[in-house]
Amino acid sequence: MLKFLNKVGEYAKETVQSAQYIGQGLSVTFDHMRRRPITVQYPYEKLIPSERFRGRIHFEFDKCISCEVCVRVCPINLPVVDWEFNKEIKKKQLKHYSIDFGVCIFCANCVEYCPTNCLSVTEEYELSTFDRHELNFDSVAMGRLPYKVTEDPMVTPLREFAYLPKGEISSHAVPHTTPRAGQHPQEIAAASAASED
Amino acid sequence: MTLADGVQLVSTLILAAMVIGAALGVVLFDNIVYSAFTLGGVFISIAGLYILMNADFVSAAQVLIYVGAVNVLILFAIMLVNKQEVYSPVPRRWIRKLSAALVSAGLFGLLTVMLLQTEWLPNAAQTAPDSTVILIGEHFFSDYLLPFELASILLLMALVGAVVIARRESIVGEDTAIVGEQPAPVLELPERPREPVA
Amino acid sequence: MNSGIDLQQKFIDTLSDLGLSAGVAKAIWIPLPMVLMIFGATVGVLVSVWLERKISAAAQQRIGPEYIGPLGILAPVADGIKLVFKEDVVPANADPWLFTLGPVIVVIPVFLSYLIVPFGQNLVITDLGIGIFLWIALSSIAPIGLLMAGYASNNKYSLLGGLRAAAQSISYEIPLALAVLAVVMMSNSLSTVDIVDQQSGYGILGWNVWRQPAGLLLFWIAALAECERMPFDLPEAEEELVAGYQTEYAGMKFALFYLGSYVNLVLSALLVAVLYFGGWDFPIPIELLASWIGVSPNNPVLEVVIAGLGIVMTLLKAYFFLFLAILLRWTVPRVRIDQLLDLGWKFLLPIGLVNLLLTAGLKLAFPVAFGG
């Protein structure tokens, strides 16, 4: 009999405990309701891409020496380098350069290995088209610079969480020009330069 | 004839037609699932007839118990045991058919005689009672006490029986997994010995 | 006790003054509250769908519908219009008759149950003697429709979903009925109007919550399970059963299921308000308020105000529980089928029986407080 009562008591205790847990969960969900939405209302608001963002690749035609390193380091040999050997100046002359961004995985290996820095990553990520072949960018298309989010009057730029001022958790609450938490790389460099002097 | 009487007559006729039609459907459909669904139709139509007789509680109970429980369980049984079986023709099946027809006809005759002999509407002038629930309760605890209690005992027995059957834990898969040796008897599920409850 | 506004009598009187006989006037009156109720239930569904989307969004720090009407309030209307114009697909190997009948059988009893939801002393379609029992009886028809839909779809997910829905419905009907029975025992009547009347008079102190806290929990859990709401939505658990019995449905037939589930949820919330939170009763007794202001309780303006206040109170209480259901949806994870049946049969049922027994005992011991 005592054993049975013990069992009933334990069962009741467990029930109360689970009810408590559900109550705790409810309070968490309820607390979320008073928090500001973290959503970014694209296209009226856009996130400022971070410093190391790897977007669409920019190409400078005149710097390219047609060495094809970008093709060799590309996981899928994507860049198309069309060149011709110019016998007069004994150099390869670039005729066309193109990358199909419908296939590119944006690993930026080509940028990493380019000996003349003619390739660079931009912060452009809006690459939607009606036809996938439109994503096959030639050197002219790749030479264009994207709009900066911060300079577009139609768009409210928002910063990512890591770029917010100290103690701030919502990018809606502060303008994007306020300094972020911690020191900028330039400040660190300046400080170390000053201490070395 | 007032509007209310007319409505009552028309609904009685419609409900009666529904009962008969659905009942025929139960018997005549080849697909057993259709039969089960039309059985639900029969129950609901009968509930409608009860409403016309001012028996609202009985009607709701009819819906709750027959449609909500009995019919759903029948459907459950049909859908869980969804096995197509081809019945081999039984020799001299006409004997069974004949006896079934005889029993049915006899029952029909008995009910007809009962219908004709019963003195319906003992006092037609009686108005609808305020609360059928109270009336039913009074009858349950006075002149119908014995059937009421017997029914409760019957239900208790059924409940205990169901618990006993449900508590049985049969071992499936363990014995049958042994290859060779002696195979487990087909029609018997081996049971796990039960530990006494604390 | 002031009987409150009686629209029916006034309507019939007005028509009689215009020269119609009383019978004809009554016949004209009969369909009006029904149409009003169906309309009201549908609007209630639209509101609750909108609330569901907005509150879900808030709980997940999103915004939710925003541009379809102010605050996205027309989003459910847009959903409905889209569903109306969609093609009515019946799968080739489905059973066309049962496939069509299934959603109808699920929806009709739910709408029929609105017969007994009171918004005021006389603001109810019919004050049936069996009131709340009618709701329990009608809600037991729905599993037939679910089984029908599941079977007719000729799809294993549908069939499993239908079977689960029926099993769940049957299992949770019993604790639900037991919880209701305890309330009924205290008010000595099955009629919803009587149940509210028994709670009124003392304002918030007289409500059944204080006398039936366990019953309230029991009722709410069982009602959520009956509505197949989130912790108990296994019949349509998308991770395992695609969408359960709704898998093969599209267009208007799917809309019926969708409508039915939300109407059922609103109905359950309304009934919680009626059974445990004093229905149309104001937290402070209205007669007391009237005497403070110095208005006679038979003032016609006051009658209209009280009627309006009653409707608002009922809806407020109901929508509070709707809010709770939505919050629960994003808090509690889905239970497994064995956990579901365990909870129903091994936890809620014994608790319900004990609650019933305690209520009966307390009723005998303190007939003043427990409606002897």
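Even glycines carry a Cβ here, placed using N, Cα and C.
What TrEMBL says about a protein is an automatic prediction, not a curated fact.
The transmembrane segment feature in TrEMBL is assigned to C:28-51 (among others).
Sequence annotations record features per position, and here TrEMBL assigns transmembrane segment to C:63-85 (among others).
Taken from TrEMBL, the feature transmembrane segment covers C:97-117 (among others). Same-chain residues lying 6+ beyond the ends of the transmembrane segment (C:97-117) with a Cβ under 8 Å from its Cβ atoms: 37-38, 40-41, 90-91, 124-126, 128, 131-132, 134-135, 138-139, 141-142, 144-146, 148-153, 192, 245, 248-249, 253-254, 256-257, 259-260, 263-264, 267, 270-271, 274.
Feature annotation from TrEMBL assigns transmembrane segment to C:129-152 (among others).
Per TrEMBL, transmembrane segment is recorded for C:172-190 (among others).
Counting same-chain residues at least six beyond the ends of the transmembrane segment (C:255-278), those with a Cβ under 8 angstroms from any Cβ of the stretch are 41-42, 44-45, 48-49, 80, 83-84, 103-104, 106-107, 110-111, 113-114, 117-118, 132, 135, 139, 142, 149, 180, 183, 192, 195-196, 199-200, 204, 206-209, 212, 215-216, 219-220, 223-224, 226-229, 245-246, 249, 314, 317-322, 325. Annotation comment: TrEMBL describes C:255-278 (among others) as transmembrane segment.
Look at TrEMBL and you will find C:304-327 (among others) tagged as transmembrane segment.
Feature annotation from TrEMBL assigns transmembrane segment to C:347-370 (among others).
Two recorded stretches are said to be in contact when at least 3 C-beta pairs lie under 8 angstroms, sequence spacing 6 or more; the transmembrane segment (C:28-51) and the transmembrane segment (C:304-327) meet this definition. Using a Cβ-Cβ cut-off under 8 Å and counting only residues 6 or more beyond its ends in the same chain, the transmembrane segment (C:129-152) has close neighbours at 94-99, 101-107, 109-110, 112-113, 115-116, 158-163, 165-166, 169-170, 173, 176-177, 180, 183-184, 189-195, 226, 235, 244-246, 249, 257, 260, 264, 267, 271, 275.
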